[in-house]
Amino acid sequence: MSHFPTLHILILVIANLQIQCFAFVSQSRGFCATGPPTESLKAEYRRLSALGSQSYNPVDSESRAAITPIVIDTWFHIITGEAGTELISDEMIADQLSYLQNAYWNATISYRLQGVTRSANDTWARNEDEMAMKTVLRRGSYRTLNVYFHTDLQASPNAGARAFDIVRRELGVSQQQPTSMLGFCTLPDPSINASSPPSTYIKDGCNVLAETMPGGSLAHYNRGGTAIHEIGHWNGLLHTFEGESCSSDNEGDFIADTPQQSKPTEGCPAQKDSCPELPGFDAIHNFMDYSSDECYDSFTPDQVSRMRSMWFAMRDGK
């Protein structure tokens, strides 16, 4: 008897499993490749934590009015392949900026768009030759936010995103094969000062997959939440699950009012508690978790205080 039908069925089953794995991965924001904080940055987090949370209620209008507004000069760089120059519309750019303003409004942080550049370059669209790209495109000083929206953002084989190994393991992807990701961003660097030459911070900024912009094609991640998440890193925030441990030795994200969390969130569950022996549920609605866009809605008061403290300590005047 021929074994062809059995082999054919097996191939279909394997193909279906691969599709399911891709679907599983697409429900997880495991593609943020922002690296861990340096020891000097950890020391700054500890210093700020020791000072305690500022008396600030982000919902209280009087509290908001009493503090100095932070206005961040911002550049958006739209980078497409040569055959996809129409993929990112002006409406998508405007909607992303609007969401950015709304997400940080309670922190009294706003973003003053200085301009938008558009580049059609297949290499840059994949984030290859990043140094050359940013040397040409980057604008402003260390206090200026530059966001690069790539239509085909890729991770190098050495990138540090948590989900890359999961993807490769499940799908049998070669370690040499580049993997798509949602974004990454630089954390503040304590070594940068007002006299630092631009060459020392040329890579500063956020790289974001353009499909995650409002109206993009990536289901569950096309409301603009990835840019909010990545810019949170630029403002000095870590993942809510930093350290991925429930251990008392884990300093986590150095934020007092985010419950300890050992695993990133996938999708938008009704509730999740990855450290059940510790107080609080996982912050599934927090912009610094890995939840899907429909789940995102807030930063905590201590995260707000941390971003503001980091701005004045690390970026203002530089």
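Just so you know, glycine gets a Cβ as well, placed from its N, Cα and C.
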Problem set entry | Cys206, Cys246, Cys295 - which one Swiss-Prot pairs with Cys268 by disulfide | Cys295
Exercise. Where among the recorded positions Asn106, Asn193, His229, Cys268, Cys295 do you find the Cβ with the fewest other Cβ atoms within 10 Å?
Worked result: Asn193
For this session: Would you mind listing, in sequence order, the residues at least six apart from His233 (Zn(2+) binding site) in the same chain with a Cβ closer than 8 Å to its Cβ?
Result: Cys32, Thr34, Phe184, Cys185, Thr186, Leu187, Cys206
For this session: Tally every other Cβ atom lying within 10 Å of the Cβ atom of Asn121 (N-linked glycosylation site).
Result: 17
Seminar exercise, completed: Same chain, |i - j| six or more, Cβ under 8 Å of Glu230 (active site); the result in sequence order is Cys32, Thr34, Val147, Gly183, Phe184, Cys185, Cys206, Asn207, Val208
